[in-house]
Amino acid sequence: MARTDQGLGAESEPLTNQSHRHSNSFSSTDSLSTDGSLFGDDMNATQFQKSTQLPEETPYRDIEEGVEGEPESDILSHPRDKSKRSRGSRWIWVIGLLCLGGWILAFILFWGRRNNNSDISSSVAAVHDAESATGATSYGKPLTLDSVLNGSWGRRKHSISWVAGPDGEDGLLLERGEDGKKGYLRVESILSRQNETDADDGLILMESGTIEANGKYLQPSETWPSPNFKSVLVAVDAVSNWRYSFTATYWLFDVKTQTAQPLDPDAPKGRIQLASWSPNSDAVVFTRDNNLYLRRLDSTTVTQITKDGGKDVFNGIPDWVYEEEVYGSDTATWWSNDGKYVAFLRTNESMVPEFPIEYYMSRLSGKHPSPGLEKYPDVRKIKYPKAGAPNPVVTLQFYDVESTDVFSVNVSGGFADDDRLITEVVWASETKVLVKEFNRESDVVRTVLIDVGSRSGDVIRVDNFAQDDGGWAEVTQSTTFIPADPANGRPDDGYLDIVVHDGYDHWGYFTPVNNSQPILLTSGPWEVVDTQPAVDLRNGIVYLVATKESPTQRHVYSVKLDGSDFQAMTDTSKAGYYDVSFSIGGGYALLSYEGPHIPWQKLVNTPSNQQHFEEVIEQNEHLFSMIEKYALPAEIYQNITIDNITLQVVERRPPHFNPIKKYPVLFWLYGGPGSQSVDRKFMVDFQSYVSSTLGYIVVTVDGRGTGHIGRIARTIVRGNLGFWEARDQIETAKAWAKKPYVDKDHIAIWGWSYGGFMTLKTLEQDAGQTFQYGMAVSPVTDWRFYDSIYTERYMHTPEHNPTGYEHSAISNMTALQQNVRFLIMHGTADDNVHFQNTLSLIDKLDMGGVENYDVHVYPDSDHSIYFHNAHKMVYDRLSSWLVNAFTDEWHHVGSALAAT
């Protein structure tokens with residue numbers, strides 16, 4: 001299920017972010033060859049940051065370990081001018097001192113009344129007043145909902161489009177901008193950013209932001225240079241298809257002549273679904289009308305590779321469910337490293353049932369109806385396999401570029417056609433490819449090594465999670481090939497993969513490739529993050545991101561391929577959330593600090609590169625000016641232990657928090673398997689608005705089933721989604737209801753997508769005992785309505801687990817009737833969580849005589865709810881509905897009497 005993050009308007013974004021399919025950005029994913037550790041033997045992230053002398057930061061709103069307002073080390077500080085501080089006036093100090101005495105008295109009274117909860121372990125040693133909790137921000141004005149929704153609080157984050165130089169040059173990046181003396185598209189050395197006056201303009205690939213073809217000027221939608229920088233693949237007039245996929249007309253742009261020609265001269269207007277360069281820059285493979293084609297650059301002839309593509313058969317691209325739930329992209333074509341073979345997925349969905357999506361206000365198909373039919377809805381039918389329905393049948397095929405043969409390789413002992421998922425394809429050498437196959441319920445994984453030269457294959461590893469712990473295998477795209485290098489102590493090929501060790505996800509190094517027992521690179525009661533690691537091949541060093549310090553944090557670490565010398569590359573003495581990306585050759589790195597303080601990004605040279613370089617590329621100065629204008633809530637990170645499982649909690653307290661006052665509490669959650677909502681990222685979102693402006697406490701707990709807490713806590717939810725997760729929300733709410741500053745009669749819960757399901761499931765399970773209100777947006781209400789690959793991973797098939805599906809569905813109308821009131825909102829054109837879910841629930845509510853709920857429907861909106869101002873309307877409705885709940889307005893509505 002693609003997540004919809006309820007932050008900074010992110011509820012409007014589907015659960016996974018969109019990505020450009022041919023992006024040249026490498027985020028901790030590339031094989032490196034460096035001469036040393038990332039920041040040097042004596043250079044950790046703190047030292048790296050200090051060399052820039054970034055100015056001091058105003059303390060932000062994160063409270064940890066009872067110390068708030070204490071300046072972080074430079075690694076956590078944000079560049080800003082001290083002169084911008086404007087709240088040190090004499091009168092404020094006088095008033096502050098007067099208030100301090102009153103606060104101390106209130107503080108003593110509060111602690112005298114406080115109930116000790118043995119099941120809660122808080123990282124806050126004391127309750128802080130608003131000033132100490134939020135620093136200068138508590139003196140500002142309340143947040144506005146518009147400022148949250150319009151992106152004013154969005155953090156700017158840059159991705160570096162690193163590109164490999166044709167002759168092995170490192171530190172090259174792709175720049176795309178406006179027309180000018182430097183050109184529209186150019187390859188630039190990172191060193192040119194350091195001294196722009198002396199540096200050249202790099203290699204200009206496209207001088208203008210338009211291309212002339214057939215007497216017309218065309219505007220590029222996307223551009224992808226060839227590996228040798230002599231040509232550019234240009235997509236024009238891109239039209240979105242599903243979450244990641246789109247179609248466009250494609251052109252080959254010659255850098256030398258600055259002229260363009262159609263990718264397929266015989267079909268210049270043909271809508272192409274996917275195109276990608278050969279590693280040798282001599283050919284482009286592309287999919288059109290679900291068939292695969294090859295265009296060599298030394299000819300205008302296009303070779304058709306497949307001929308069976310059509311309505312039910314896809315070649316080289318995924319269908320809806322594989323794009324959504326397996327690859328997270330529109331790509332199912334993989335060139336071999338030497339450009340002699342193309343691996344591609346063939347998908348046959350002829351047995352997959354169609355689901356109709358109706359559009360009442362718009363024409364997504366682009367077709368104009370015949371006269372007299374204008375008032376009928378536009379209907380789009382999507383092959384959507386629901387739980388228990390037939391899945392698409394997938395096979396991996398190969399194309400030999402020289403012989404033009406198309407073939408597949410049968411490996412004995414495989415899964416049946418209706419029980420096979422192909423989840424990952426990684427070329428391991430010029431002729432060998434690693435393939436991961438899952439069974440339908442995603443609890444048995446076969447790793448297969450295929451040799452396309454001999455057209456043979458072997459199963460090199462089988463992981464049976466059903467037997468091991470009763471859990472599931474998550475789909476990953478992070479397997480990394482490690483080539484043999486006897487001179488550097490690697491006699492055999494190998495690969496990195498995430499393995500389960502003592503109940504936690506860790507990196508393992510399998511060498512030789514057919515070895516089923518890995519060298520453990522990491523271990524311990526914490527987990528690595530599922531992103532491809534960067535590898536220094538010369539020195540045998542792996543760079544990775546992990547949660548070693550806390551599930552809510554991300555730090556960068558290095559470890560040798562033999563599992564020794566594990567080191568932190570960022571400052572782990574302070575709470576932090578980091579990301580990192582490396583240049584192709586490993587000479588440069590982009591370190592991104594994402595929280596809890598103001599995010600920043602910095603480029604540096606790594607020790608393998610003796611030429612010093614460092615540049616702060618993003619400081620997010622606008623956020624500093626924003627936090628000085630607005631009062632923001634304090635964020636207090638805590639732990640709660642339920643059934644001997646420790647869970648992460650964050651409590652957002654309103655500015656000027658008064659410990660002797662009673663506050664309503666809103667719980668916000670997502671809660672899907674493997675997800676995370678409690679983290680140390682900087683975020684000002686709808687929850688911040690609710691706390692800052694509406695004055696309510698907002699609590700989030702990552703319950704069982706969520707990510708980075710170990711498999712025991714994660715996999716317990718299998719087969720009965722919603723039960724344990726709802727219990728964790730209820731038990732946490734009970735603990736908060738006992739707090740002296742909480743109004744236990746005004747506790748609500750809300751969420752979107754899986755969070756919408758969890759909202760309803762929690763209200764159903766609690767039956768009004770703890771929660772009185774709930775707001776569910778785009779909720780799943782019965783897992784038999786959701787797609788098969790996601791659902792069966794966590795629930796098994798309906799045939800295997802009919803009781804589990806019955807229990808997980810929202811079905812107890814009597815229990816829902818015990819709540820004061822709840823709200824349901826859904827887009828009618830939701831192609832992810834179908835509107836059918838809400839309609840089915842409403843039918844149950846009608847049959848049960850339940851009336852204590854409201855429904856808001858958004859015509860033609862998909863899962864993100866954006867169409868025709870719907871995005872703003874969602875949050876306006878959430879906000880006003882919540883105010884009515886916490887001011888007892890819904891009590892009056894619920895007991896309304898007929899006029900006499």
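Backbone N, Cα and C define each Cβ position, glycine as well.
Copied over from Swiss-Prot, here are the features:
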type     : residues : note
TOPO_DOM : 1-90     : topological domain 'Cytoplasmic'
COMPBIAS : 44-55    : compositional bias 'Polar residues'
TRANSMEM : 91-111   : transmembrane segment
TOPO_DOM : 112-900  : topological domain 'Vacuolar'
CARBOHYD : N150     : N-linked glycosylation site
CARBOHYD : N195     : N-linked glycosylation site
CARBOHYD : N348     : N-linked glycosylation site
CARBOHYD : N410     : N-linked glycosylation site
CARBOHYD : N514     : N-linked glycosylation site
CARBOHYD : N639     : N-linked glycosylation site
CARBOHYD : N644     : N-linked glycosylation site
ACT_SITE : S753     : active site, charge relay system
CARBOHYD : N812     : N-linked glycosylation site
ACT_SITE : D830     : active site, charge relay system
ACT_SITE : H863     : active site, charge relay system
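Everything Swiss-Prot records as a feature, shown here on the structure.
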| residue | record | Cβ contacts under 8 Å, 6 or more apart |
| --- | --- | --- |
| N348 | N-linked glycosylation site | D312, V313, P392, V393, V394 |
| N410 | N-linked glycosylation site | G457 |
| N514 | N-linked glycosylation site | L449, D458, I460 |
| N644 | N-linked glycosylation site | none |
| N812 | N-linked glycosylation site | E764, A767 |
| D830 | active site, charge relay system | I357, S778, S861, D862, H863 |
CB neighbours of N639 (N-linked glycosylation site) within 10 A?
16
To the nearest Å, how far is the Cα of N150 (N-linked glycosylation site) from the Cα of S753 (active site, charge relay system)?
22
Out of the recorded positions N150, S753, the residue with the smallest number of other Cβ atoms within 10 Å is N150
Measuring Cα to Cα, tell me the gap between N639 (N-linked glycosylation site) and S753 (active site, charge relay system) in whole angstrom.
25
Just counting, how many other CB atoms are there within 10 A of the CB of H863 (active site, charge relay system)?
26
Taking every residue in the topological domain 'Cytoplasmic' (1-90), the average pLDDT works out to 36
